[in-house]
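A short worksheet on the structure shown next.
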Amino acid sequence: MASSNTVLMRLVASAYSIAQKAGMIVRRVIAEGDLGIVEKTCATDLQTKADRLVQMSICSSLARKFPKLTIIGEELVVWVDPLDGTKEYTEGLLDNVTVLIGIAYEGKAIAGIINQPYYNYENNEKQQLREHRNEAKAGPDAVLGRTIWGVLGLGAFGFQLKEVPAGKHIITTTRSHSNKLVTDCVTAMNPDDVLRVGGAGNKIIQLIEGKASAYVFASPGCKKWDTCAPEVILHAVGGKLTDIHGNVLQYHKD
Ligand code: AMP
Ligand code: MG
Ligand code: MG
């Protein structure tokens, strides 16, 4: 047990820096201006150069640092979403985008890392403008991007835990993959307010930061790489993520 804990902590620490590097790649692709957009199954199911480069970067870094990972792959599975919120990324809604690295042991999600490459980007742009005009020096506002991480039983870090105001029921749901079932389900919950934003990682961040009380996504399309890392962060602070029947999700490799 001690040795598997050591492996887990080494893996979490590596995944943290790997996710930060991934965030830099996501920003570099935007800065270079050529997103290399490819349609996968339809116009709302897209892939960009950032998805491809980050996927390669994360997989090669993990393979280099943990050459034996596949040997214990039966029990320890890493679920990677190189870029969550691709549709919004292609539309310039940059703070919807995250990089997700989730770690599951014996089918249970136990550790997760979320990099949000464009966290603070509006403040950051204003700060750069002020610096340009020599009005202010770089301050904490100027820091672009952040990494949130969590381990079950240890906690979640890199953000400030908040709850929505008491008595308010705010639902967050998909912005670009909606259908009648999703809207019916949201309506049935009789919310005070509905937020429609991109990304599974982004929506879980809204829950832990008190912008929404529940995330409803009642349709296929969301994958286990979308939920593994975010689920751990949510569970580490006392939240709960289930399928539509209320069952916990399993993260075995198959
Ligand atoms: P969304 O809330 O629309 O950002 O969806 C959350 C995650 O599920 C994203 O990674 C989407 O790419 C994925 N997803 C949801 N619905 C679909 C769909 N109909 N086709 C492909 N991917 C989907
Ligand atoms: Mg995704
Ligand atoms: Mg993706």
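Each residue, glycine too, has its Cβ placed from N, Cα and C.
Over in TrEMBL, the protein carries these features:
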- GLU74, ASP81, LEU83, ASP84, ASP226: Mg(2+) binding site (BINDING)
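Feature map: TrEMBL annotations on the structure.
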{"residue": "ASP81", "record": "Mg(2+) binding site", "CB count, 10 Å": "28"}
{"residue": "LEU83", "record": "Mg(2+) binding site", "CB count, 10 Å": "27"}
{"residue": "ASP84", "record": "Mg(2+) binding site", "CB count, 10 Å": "28"}
{"residue": "ASP226", "record": "Mg(2+) binding site", "CB count, 10 Å": "23"}
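Classification of ASP226 (Mg(2+) binding site) by DSSP places it within a helix. Listed in sequence order, the binding-site residues among ASP81, LEU83, ASP84, ASP226 whose CB lies under 6 angstroms from an atom of ligand 2 come out as ASP81, ASP84, ASP226.
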